[in-house]
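Features of the protein shown, as given by Swiss-Prot:
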- 1-9: topological domain 'Cytoplasmic' (TOPO_DOM)
- 1-103: region 'Interaction with EPHA2' (REGION)
- 10-30: transmembrane segment (TRANSMEM)
- 31-81: topological domain 'Extracellular' (TOPO_DOM)
- Cys54-Cys64: disulfide bond (DISULFID)
- 82-102: transmembrane segment (TRANSMEM)
- 103-117: topological domain 'Cytoplasmic' (TOPO_DOM)
- 118-138: transmembrane segment (TRANSMEM)
- 139-160: topological domain 'Extracellular' (TOPO_DOM)
- 161-181: transmembrane segment (TRANSMEM)
- 182-209: topological domain 'Cytoplasmic' (TOPO_DOM)
- Tyr208: phosphotyrosine (MOD_RES)
Amino acid sequence: MASMGLQVMGIALAVLGWLGAILSCALPMWRVTAFIGSNIVTSQTIWEGLWMNCVVQSTGQMQCKVYDSLLALPQDLQAARALIVICIILAVFGVLLSVVGGKCTNCVDDESSKAKIMIVAGVVFLLAGLLVMVPVSWTANNVIRDFYNPLVASGQKREMGASLYVGWAAAGLLILGGALLCFNCPPRNDKPYSAKYSAARSAPASNYV
């Protein structure tokens, strides 16, 4: 029962992490304009995402534009787009494996095979979590580096957007859920000990004089 509880918790955390990765990928809030200095137009906020950028006016009006080309993205966001998409696909594969190997499903009858499938699902979720962690941390590092770089103009400085925090949370959930599933050890097939008896040999009769 405890093993089944770990499975359910691991799958639930991994699914939440997968949904968080989708949200982080879709939200155009990876980098947000930093209002520094007097030359920044404070009446608008610029959001930069993986697929589009948005301009939010002080009146609340928002205009979004999809990137015309992949080359319009900086290098870190190009890599982030590819890695996040791979992560989402991997997580879908992990969810399917966890359904097949779940203790409450009848897709596979052998308990040992179920446990092995669940361990593979856990490894897949761990890889998906790392694929989210790398681009999010890379982008955050570039934002912080440019923010404190005196050679970068004030108008080019950005702050970390909400998508980065969502991505970190998604990575943590995927890694934690995958780790719980990896603890699902296959059952031992210990055969009961059977005592074997051999017939005692009769000693040859000795002749006494």
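Including glycine, each Cβ sits where the backbone N, Cα and C put it.
Tallying C-beta pairs under 8 angstroms between the transmembrane segment (10-30) and each of 82-102, 118-138, 161-181 places 161-181 first. In the structure shown, the C-beta of Cys54 has more C-beta neighbours within 10 angstroms than that of any other entry among the disulfide-bonded residues Cys54, Cys64.
Counting same-chain residues at least six beyond the ends of the transmembrane segment (161-181), those with a Cβ under 8 angstroms from any Cβ of the stretch are 6-7, 9-21, 23-25, 27-32, 47-49, 84, 87, 91, 94, 98, 118-119, 121-130, 132-133, 135-137, 139-140. Across the topological domain 'Extracellular' (31-81), DSSP classifies residues as 10 helix, 19 strand, 22 coil.
When DSSP labels each residue, the topological domain 'Extracellular' (139-160) comes out as 12 helix, 3 strand, 7 coil, counted as helix, strand and coil in that order.
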